[in-house]
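Below is one structure; the comments refer to it alone.
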Amino acid sequence: MSYKHSYQQIPPDYSESSHINVPEETRQEDVFKLDDFVSQSNVKIRLAFVRKVYSILTIQILSIMASILLFKYNKSLELWLFSNAWSIFLSIFISFISLITINFKARTYPTNMILLSIFTISEAFTVGACAHFYSIEVLMQATIITLGIFIALTAFTIQSKYDFSSMGPILITGLFGLILTGLINFFLPFPSFSKMLICIFTVFLFCGFIIYDTFMIMNRMSPEDYVLASISLYLDFLNIFINILRLLDGNND
């Protein structure tokens, strides 16, 4: 015994015309979930990313300056530091551990912000403790020069159409060479002139890193990587600032 369906129904239409109208802004937000890079996101997301990165960076830089001034003009704190020199090594250790940990928790909120705060405070303590010995004139000069270099290179990179990703291997090679030189200098100290040349090389190296990191942040990072982006630029700024301090002071011993 055979039978046929007693109903006939038009099959559902799965064409685009049958989709529910979705606001354009919502569609753009959905695109963000699929995109990997900041450059592929819509303008709203890109601007939010830039605000986050440079707001964090500004706070980090201000924390360094505040720490330097605090150590410089608070005599009781300066005396405490002389009696507790171990605190500098502890802050360096905390910075190192927090920096490593951030790389694994960079997108996990609020863990990423907690680790970022620990890193920023420990770095500010270390730099403030070491840099407050310089005169206020040298500190101001180094700050202005470093900010000028940083802003100029950032503006140049953002408006440039050149692909700076090829700089990576060269910069990494230079960084390893710098680390090796530092280890040699630790056991076999170089003369003052050689140390000055190392400072100059370091400044130029991290100028290159500012260009490279800015390009990679804008073109090769996800909008969720704002913590890693701010740390990259912060370390570039910090290395230039410290070495300009040494150059201006004229004492690398």
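Cβ coordinates are placed from backbone N, Cα and C, and glycine is handled just like the others.
TrEMBL lists 53-73 (among others) with the feature transmembrane segment. If one looks beyond the transmembrane segment (53-73) by at least 6 residues along the same chain, the residues whose Cβ comes under 8 Å of a Cβ in the stretch are 81, 116, 120-121, 123-125, 127-129, 131-132, 136, 139, 143, 217, 226-227, 229-230, 233-234, 237-238, 241.
The feature transmembrane segment is assigned by TrEMBL to 79-102 (among others). If one looks beyond the transmembrane segment (79-102) by at least 6 residues along the same chain, the residues whose Cβ comes under 8 Å of a Cβ in the stretch are 71, 112, 115-116, 118-119, 122-123, 125-126, 129-130, 227-228, 231.
Long-range Cβ contacts of the transmembrane segment (114-134) within its own chain (Cβ-Cβ under 8 Å, at least 6 residues beyond either end) map to 56, 59-60, 63-64, 66-72, 78, 81, 87-88, 91-92, 94-95, 98-99, 101-102, 105, 142, 227, 230-231, 234, 238, 242, 245, 249. Look at TrEMBL and you will find 114-134 (among others) tagged as transmembrane segment.
Within its own chain, the transmembrane segment (140-158) has Cβ neighbours under 8 Å at 65, 134, 164, 207, 210-211, 214-215, 218, 233, 236-237, 240-241, 244-245, 248, counting only residues six or more beyond its boundaries. Annotation comment: TrEMBL describes 140-158 (among others) as transmembrane segment.
Listed by sequence, the residues of this chain that lie at least six past the ends of the transmembrane segment (170-188) yet keep a Cβ under 8 A from its Cβ atoms are 195, 198, 201-202, 205, 208-209, 212. Annotation source TrEMBL lists transmembrane segment at 170-188 (among others).
Long-range contacts of the transmembrane segment (194-215) within the same chain, counting only residues at least 6 positions beyond its ends with a Cβ under 8 Å from a Cβ of the stretch, are 149-150, 153-154, 156-158, 163-165, 167-168, 170-171, 174-175, 178, 181, 185, 229, 232-233, 236-237, 239-240, 243-244, 246-247, 252-253. The feature transmembrane segment is assigned by TrEMBL to 194-215 (among others).
The transmembrane segment annotation in TrEMBL covers 227-248 (among others).
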Grab the same-chain neighbours of the transmembrane segment (227-248) for me: Cβ-Cβ under 8 Å, and only residues 6 or more beyond its ends, written as numbers and ranges.
49, 52-54, 56-57, 60-61, 64, 99, 102-103, 106-107, 112-113, 116, 119, 123, 127, 131, 134, 138-139, 141-143, 145-146, 149-150, 195-196, 199-200, 202-203, 206-207, 209-210, 213-214, 216-217, 221
